[in-house]
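Structure first, then comments.
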Amino acid sequence: MLKREDLIAPVQYNLVNEMEKFSAAGQKTALLWEDESGKQESWSYEKLMEETNKIGAALADLGFKKGDKLIVMVPRVLEAYAVYLAILKSGMVVIPCSEMLRAKDLEYRIEHAEVKGAIVYSEFIGAFRDVSTADKLITLSIGENDAGWKNLLSIEADGSQFKTADTTRDDMAFLSYTSGTTGQPKGVVHTHGWAFAHLKTSAGAWLDISEKDIVWATAAPGWQKWVWSPFLAVLGSGATGFVYHGRFKAEKYLELLNRYKINVFCCTPTEYRLMAKVEGLKRFDLSALHSAVSAGEPLNREVIDVFQKHFGIKVRDGYGQTESTLLVGVLKDTPIKPGSMGKPTPGNQVEIINEDGEICKPGEVGDIAVHLSTPALFKEYFKDPERMKTQIRGDYFLTGDRARKDEEGYFWFESRNDDIIISSGYTIGPFEVEDALVKHPEVKECAVVASPDEIRGSIVKAYVVLQNHEKRSDELVKMLQNHVKTITAPYKYPREIEFVESLPKTASAKIRRVELRKREEQLKANKKA
């Protein structure tokens, strides 16, 4: 079992070494790629490093140097991997950005991080048209040529002599911005040493990746989860990464899993939920799949049961955050307790603590916290030491999530700190109610929040997306309420249900319960007025 010291990188270290070592193995396949039209391409590790070195040399010729920060906004294309590797091998810093960002988002990042350049896929350049600070940057495109942007891949550069920068484990590698509940996004500083610790933590024990595996992790570049799995865990293990450059369609995903004989699969709970509802699952042969994991939010028991029944695979949960790594998970050899988050990952000191910073007793709900000495914890919030202080309690960094631990050390998720519902003195976690609701065949997805109530303080309110929106009715409301009462404690049932066509979500597909809570507060305030 891994210990903390096993997660500490050598003092002189560059994470690209983890991938580059596989380029010596002849034509070992690094990446398989397909887009919506069916076009296919593949790169070996040797080809990947050739492209990496060419891009790195081109960036050096343009005047970039160690420590410079570059915004990278690229989709699921093979060049994304080479761009990231080139920047990191150069000792520079990647700022991952989603194409969903708007001008104000980009302006903040450019100013706050003192960005020197931007590498952007041609289809996304429009996002920079209204960015007032874009003229300060060296702007480089990938794909079609665009006026005012230099095409990075067309630059003639000799990569044969491109060398790895002299970096240490404490040098910044990534600056990832993550939303806070208030104020501007937080700039999360990850070092090369963090990448080493993350790779050791997640690739083997959780994802269960070996060199011979074909791995599909569905996250897109621009998000920390892409850095976690498709980039670090897959390439750092010498495996073959499958990349699908297309929109999510549940049936299409199942067809690709079947056709490419995927061995390891990692996707969001939302994607699993929608795949589980596809009719005729017996059409798909997923016998090559030996590992399936989910991260982002707890996965419903019913979905886990569907994959077990039809494909003989146990979907295992994992929990982490932008600031850290896989902190808690159902590891490959850990007995599954349905509904549990699993146990803390080896080498990472993760606890549940109370308001005094003391470790909670089994069964006591507290804050999930990471010891500050954990190697896979981020270095700091960039230029924001005060925000860092607000999330430290004693020797621990607070994740913002609450849970309880049982006698065997399994963690059981309760809620985000601000998602907990207190109704008539009862403490209710929204996930339990949501998990019950989605077991009903008419429910596609749902979100549960607190709604202000003069008598009870708050009541449980459910926003429900139906499989068929035309079936909404008062009768169905009563059916769903009774359904929940039969599955979980009756006091937890949703006293109000509202049918909606969609739920508000973050760009990474997490439900924005905070938006729904604010809506409820406003609605109740208007009724009082």
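We count from 1, first residue shown onward.
Heads up, the Cβ atoms here are built off N, Cα and C, so glycines get one too.
Listed in Swiss-Prot for this protein:
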BINDING   T178, S179, G180, T181, T182, G183, Q184, P185, K186, D401, R416, K510  ATP binding site
CB contacts for T178 (ATP binding site) [other CB atoms within 10 A, all chains]: 16
Other CB atoms within 10 A, centred on R416 (ATP binding site): 17
In three-state DSSP terms, the structure that T178 (ATP binding site) belongs to: strand
Neighbour tally for Q184 (ATP binding site), based on other Cβ positions within 10 Å of its Cβ: 15
